[in-house]
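According to TrEMBL, the protein has these features:
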BINDING   Cys113, His116, Cys184  Zn(2+) binding site
DOMAIN    42-219  domain 'GTP cyclohydrolase I'
Amino acid sequence: MKVDKILNEIEEMGDAHAGSSANTPLREDAFELSDSEKIDLIKEDVKRIMDTLGLDLTDDSLKGTPLRVAKMYVNEIFSGLHPKRKPKASVFENKYKYGEMLVEKNITVYSTCEHHLLPIVGKAHVAYISNGTVVGLSKMNRIVDYFAKRPQVQERMTMQVVHELQNVLGTPDVACVIDAKHLCVNSRGIRDIESSTVTSEFGGAFKQKEIKREFLDYIKLDTSF
Ligand SMILES: Nc1nc2c(ncn2[C@@H]2O[C@H](COP(=O)(O)OP(=O)(O)OP(=O)(O)O)[C@@H](O)[C@H]2O)c(=O)[nH]1
Ligand SMILES: [Zn+2]
């Protein structure tokens, strides 16, 4: 697909604020190759890594690995790099005039640390206060999953989820807290299996102390941060 077309699409779809530091750093030509072209190239790259490590690529158990990894990158763990995979978030009129906060908590997060390409595993908690529009519950899980399926830093992922829901709902009153384990910290390097990372983004009304506290009480995290 042409880059211009894709970039228009991103704009129309309101992907993370244009020019914002919360955008995933993508090259201008990021969408020039098709998925199958990307898989073919990545397969060769993985082959080269395995080869350099001295692995026997004719071995029964190893010979399928380069293609397996390439498909996993493009179709699964990095699939959220392409805006065509962005979930369509069905919104409805808030006919019942529900005026309180809605919290979608314990959303499973499987992402990948962009510094080491190792897993990030945890939970996201998302909340909003409607200003006339409500969104299908599952769409919040889908939005989290879409942004998780990229090489990520947790701070950016948290902000991207909030920006996207603010666009979808047409309100600044959106918040997200993510509590996740980074395998780059847990399984290598400092190898601290116990530690996890908490990030938050509080938009609009969620910056107010009482509202922030209500949200944090629902998700039962320490309210002192
Ligand atoms: N801020 C932030 N840092 C992250 C995230 N994921 C991984 N990191 C950190 O990125 C840093 C990369 O630092 P480097 O010193 O270049 O990498 P390294 O030599 O492998 O560092 P160690 O992990 O300390 O062994 C590490 O401290 C990681 O813990 C994230 O989501 N947010
Ligand atoms: Zn890492």
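Glycine too: its Cβ is placed from the backbone N, Cα and C atoms.
Everything TrEMBL records as a feature, shown here on the structure.
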residue : record              : Cβ within 10 Å
Cys113  : Zn(2+) binding site : 18
His116  : Zn(2+) binding site : 15
Cys184  : Zn(2+) binding site : 17
Q. For the recorded Zn(2+) site formed by Cys113, His116, Cys184, which further same-chain residues have Cβ atoms within 8 Å of the site's Cβ center?
A. Thr112, Glu114, His115, Leu117, Leu118, Ile120, His182, Leu183, Val185, Arg188
